[in-house]
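S.K.: Okay, handing you the structure first.
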Amino acid sequence: MIDKNENRFEEIISFCKRRGFVFPSSEIYGGFSAVYDYGPYGIELKNAIQAKWWQNMVHNREDVVGLDSAIFMSPKVWQASGHVSGFSDPMAECKKCHTRSRVDHLLEEAGVFADEKMSESEINKIFDKNKDKVKCPKCGSNIFSEAKSFNLLVKSNLGNFTGDWDKEPTYLRGETCQGIYINFKNVLDSSRVKIPFGIAQVGKAFRNEITARQFIFRTREFEQMEFQYFVKPEDAKKQYKRWKEERWDFYVNELGILEKNLRWHKHENLVFYAKEAYDIEYNFPFGFKELEGIHNRSDYDLTQHSKHSGSDLSYTDPRTNEKFMPWVIEASVGLNRILLMVICDAYTKEKIGDEERIVLKLEKSLAPVKIAVFPLLKNKPQLVKKAKEIFDKLKTAWVCEFDDNGNVGKRYRRQDEIGTPYCITVDFDSLDDKAVTIRDRDTMAQERVAIDQLPEYFSQKFS
Ligand code: ATP
């Protein structure tokens, strides 16, 4: 029997393609696994989420600055960070259909706890003990090879003209935060920040993920929004608590996610340097899964880069002259994962009389199109001219769409589907009373508003 949620998820995936949010990569060539492209509405939604995060994490704060570091870094960065030797997932192959799976995920599906950070022998012990419970997601068999660690870093030949990639590979960054650590001193020396302070960055990351299912939840190329807050060691506990609260608030108050769909997951099995780690999980159609990780990383990162680079990354307090290695509180999330969450959260089907409408009940400031402008009839030049004038005025402040195609009811349905909060219709009365009808996406209520009041009306609505 097909699960109701599975049906809903399949429907959301096809909706994303049909309405220009997300396309499978290289589709005309038969596709390219675990990589996706973002269409006209997808990029607007992604930009809106990113802008909200940036506003909340950088512009609203005096103690946080931004950064845009390069995707490529010296390979020494990845040696120092431990990624070359230890950035791996445990993988096993189904002996029947040869599908490769992540062993921690197979065990999780079977209700057995295992962490991807466990050693090969630790995870093989648990795997062996529970082999009758695990199942290949493709063919259902439980006969697997041993678990082997598979490194996730993506290699390239950038700057290497020897023809041998393995000799001195350069890596596409596996996470954006290493760029923050290696610029810690640059930021400190070039701006007025003092500890405690944070550095935020948004950018692409690449991982050779073994299993990439669940649409854009886990992909090989994705965007991270990462935030590192540098603190005095004795303040780390207090700051960790603060950032856990701040990040939870962001989802509830800024993105409008219902608290019942979010939960905390505590990591019991910490890597040796981590002091505390929690994930915020969201109830995706395929269950509660990690959305964002919030970690107290101690002084590990700056110490490692100090040791390996020979540059002292410690901090001297200008007030007390006290010298110490800052600790780091990290909040790390995938932008694409947030996008999937907000679409799943907003995707709604409603009965209106005998009809059904699909409406994306996005938080209004996230909507890809904020205002749609329609002339009542396409073949009435006066109405079209007036609607164009309104569109031209409003588009300088909000993302607007002009639509004169089909009857107004159909146009409302199209805009509901992409989550447009307001539709304006210019009708014959508009030419006399200099007012238009504004229809609200959620309530479907209509009101008449004077044309010259529109900028103020929408400023209030989107404030
Ligand atoms: P997992 O255990 O699921 O592989 P992780 O714990 O290794 O993930 P982190 O390295 O902590 O993930 O990455 C921080 C955030 O980046 C995650 O919470 C997630 O939102 C996002 N992320 C990580 N890997 C991917 C991916 N392959 N595709 C999309 N987003 C990702």
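In case you wondered, yes, glycine gets a Cβ from its N, Cα and C as well.
Note: TrEMBL annotation is automatic and uncurated.
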S.K.: Figure out which of Glu168, Glu175, Glu276, Glu281 sits with Arg102, Phe222, Glu223, Gln224, Met225, Glu226, Glu330, Ala331, Ser332, Val333, Gly334 in the substrate site per TrEMBL.
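M.R.: TrEMBL lists Arg102, Phe222, Glu223, Gln224, Met225, Glu226, Glu330, Ala331, Ser332, Val333, Gly334 binding substrate, and from Glu168, Glu175, Glu276, Glu281 it also lists Glu175.
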S.K.: Which of the binding-site residues Arg102, Phe222, Gln224, Glu226, Ala331, Leu335 have a Cβ less than 6 Å from any atom of ligand 1?
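M.R.: Among the binding-site residues listed, those whose Cβ sits under 6 Å from ligand 1 are Phe222, Gln224.
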S.K.: For Glu226 (substrate binding site), list the number of other Cβ atoms lying within 10 Å of its Cβ atom.
M.R.: 24
S.K.: I want to verify one value. Collapsing DSSP to three states, which class is Glu209 (ATP binding site)?
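M.R.: DSSP assigns Glu209 (ATP binding site) to coil.
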S.K.: Should any of the binding-site residues Arg207, Glu209, Arg220 have a Cα within 10 Å of the Cα of Val333 (substrate binding site), which are they?
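M.R.: If one measures from the Cα of Val333 (substrate binding site), no binding-site residues come within 10 Å, so the answer is none.
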S.K.: Using Cβ-Cβ distances, find the residues under 8 Å from Ala331 (substrate binding site) that belong to the same chain and are at least 6 apart in sequence, listing them in sequence order.
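M.R.: Within the chain, Ala331 (substrate binding site) has Cβ neighbours under 8 Å at Glu226, Phe227, Tyr229, Trp243, Arg247, Glu292, Gly293, Ile294.
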S.K.: Looking only at the domain 'Aminoacyl-transfer RNA synthetases class-II family profile' (11-368), report the model's average pLDDT.
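M.R.: Per the prediction, mean pLDDT sits at 94 for the domain 'Aminoacyl-transfer RNA synthetases class-II family profile' (11-368).
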S.K.: Please give me the binding-site residues out of Arg207, Glu209, Arg218, Arg220, Leu335, Arg337 that lie within 10 Å of Arg102 (substrate binding site), comparing Cα atoms only.
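M.R.: Those close enough are Glu209.
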